[in-house]
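Swiss-Prot annotations:
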- 14-305: domain 'Protein kinase' (DOMAIN)
- Y20, R21, K22, G23, G24, F25, S26, K27, I28, K51: ATP binding site (BINDING)
- D147: active site, proton acceptor (ACT_SITE)
- 161-192: region 'Disordered' (REGION)
Amino acid sequence: MIENDNTFNKDEWEIIEKNYRKGGFSKISKAKKKNGIINGTIVNKKMIAIKKIKFDDKIQFNEVNNLELIKNKNKEMQISSIIDYFGYGIKGKNKLYIYLEFIEGKTIYELKKKKFPLNEKQISIILKKCLETMKFLHNNCNLIHMDLKCDNIILKPNNYDNNNNNNNNNNNNNNNNNNNSNINDDNNNSNSNINDDNNFDIKIIDYGLSQKIGDLKRDHYGTYLPDECILNNVSIVNYTFDVYSLGFISFELFYPTQFEIKPIKLTHIYEYVEKSQISPLFLNFIKKCIGRYLDIDVLEIHPFLNENYDNFENYFKFLKQTPLKRIKYRNGINGENDILRINNSTTITSEQFPNNSKMIEFGDDFNGIINVDYIANKKVVILNNPNYNIINLDFCFSNVEYICIKGIGVLEISKITHNSLETFIYEGEFKNDFILKPYLFTNTKHLILKNYKNYIRHRGIIPEGVTFLELSDSIGIEVIKTFIHLPKSIEELCFGCTEETLKQIERNLILQSINFFIINGKLMKFSKNNNLEYYE
């Protein structure tokens with residue numbers, strides 16, 4: 001609820017501390033409303049953060065609109081990491097004042113400057129709370145934060161409110177200098193309280209750059225966004241922007257000093273994090289965020305974020321089922337209205353296809369001709385019959401991001417030359433002398449070739465960027481010896497072989513960057529003696 005008169009009147013406020021925090025576009029002061037009421041909401045003597053922004057045509061009320069939306073959506077959800085919003089005021093032609101909940105605590109950036117250490121358990125708690133907030137923003141508000149970073153995450157000890165209220169009651173007559181001293185003392189105390197692992201909460205702040213999923217990307221963007229976003233190779237806002245940012249936040253949380261991460265190639269990022277002294281599970285989580293091929297539902301159950309670190313089996317069972325779920329999530333495919341199923345042989349023209357359908361599935365009994373126009377604008381395509389007649393196959397998949405092909409005849413896969421496929425599942429056959437060509441999967445991250453058991457003859461056959469690779473369930477040891485040519489981006493490798501072959505697999509045959517293996521349907525790892533063994 002916003003008052004009719006939104007004029008900011010300084011006389012109505014008691015300024016406790018002016019400009020105690022500054023951002024790129026704003027200054028924040030600590031204050032109390034003298035009459036205890038803000039836009040009809042009774043706040044009594046509650047401390048308020050007044051965010052002052054000099055707005056222009058590009059920023060204007062974007063943050064106000066986002067905060068209004070988030071506030072309304074959070075009434076039912078009650079996500080604790082969402083900051084309370086009380087309205088706004090305007091002064092002059094270009095000064096906007098936003099009234100927010102004042103959070104006692106320090107940003108992660110401030111803690112890092114003081115070289116305050118965080119262990120991996122504390123980091124996992126922080127990241128889990130971040131994911132909860134991201135999931136709420138994405139699913140309930142249809143918003144991407146766009147500027148997730150350590151400076152926009154405040155750590156607040158859970159017992160801080162009571163201590164702060166007592167301090168405020170005892171010190172109402174203190175001057176600003178005394179208040180500043182108390183704040184610093186309190187925050188120093190808060191650092192020790194954070195050591196109690198789960199005895200703290202987080203608040204994610206600053207929604208000035210947030211945008212709706214599917215919007216055109218604006219000129220303003222946050223600190224940690226993908227290279228393709230900064231270099232204007234992508235124009236549509238999607239959830240992977242926030243996931244990517246979380247990967248850099250994860251890495252920074254481990255180190256007590258602030259450093260600048262400039263846009264660099266993905267392979268260089270992998271090499272950098274692999275040299276760091278962090279656990280394999282934490283490293284795996286970071287690489288998944290930076291790789292951007294998992295959605296939040298999958299990241300939430302990652303073993304690093306859960307106390308049961310050994311629960312790998314359920315994690316990987318879920319992982320193998322996620323490609324379609326992920327692409328649905330990303331493209332807003334929420335129900336049957338978004339999915340078009342063709343389950344008969346009736347002749348269909350492209351004009352009969354609804355424009356709003358985002359996914360198309362051709363059933364086993366469809367034996368008509370599939371024209372390029374049918375699937376040109378679809379994000380998800382599922383072909384269940386190996387005998388489809390597809391016209392212009394080489395241009396069919398220019399915009400498709402997920403495809404599952406049961407088979408289009410031997411070698412027909414080689415005709416797919418222009419694609420943006422992130423997830424490719426192919427269950428067709430390969431000739432014995434067939435060699436994969438890297439141009440087939442230039443943008444693919446999740447690659448499943450269920451019948452491929454030929455040699456990986458040289459580096460580049462599987463392109464850099466693939467993170468999940470599944471091959472045939474009958475791989476021989478000579479083919480496994482060529483796995484050394486797989487790209488360093490691969491994190492999970494899935495294949496099958498005989499028990500005799502399994503005994504011959506040595507650590508030097510598999511890239512060190514591959515953390516986990518699913519062999520014959522079971523999760524395996526190399527022991528300290530470099531022998532393959534099952535996870536128990």
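Including glycine, each Cβ sits where the backbone N, Cα and C put it.
The distance from the Cα of Y20 (ATP binding site) to the Cα of the residue listed as 'active site, proton acceptor' comes to 21 Å.
When other Cβ atoms within 10 Å of the Cβ of K22 (ATP binding site) are tallied across all protein chains shown, the result is 10. When the recorded positions S26, D147 are compared by the number of other CB atoms within 10 angstroms of each CB, S26 has the fewest. Applying an 8 A CB threshold to same-chain residues 6+ apart, the list for I28 (ATP binding site) reads N19, Y20, R21, K22, A49, I50, K51, K52. If you take the Cα of the residue listed as 'active site, proton acceptor' and the Cα of S26 (ATP binding site), they are about 14 angstrom apart, rounded to a whole number. Cβ neighbour count for Y20 (ATP binding site) (all protein chains, 10 Å cutoff from its Cβ): 15. Annotation note: S26 (ATP binding site) sits in a strand segment as assigned by DSSP. Under the three-state DSSP scheme, the residue listed as 'active site, proton acceptor' falls in the coil class.
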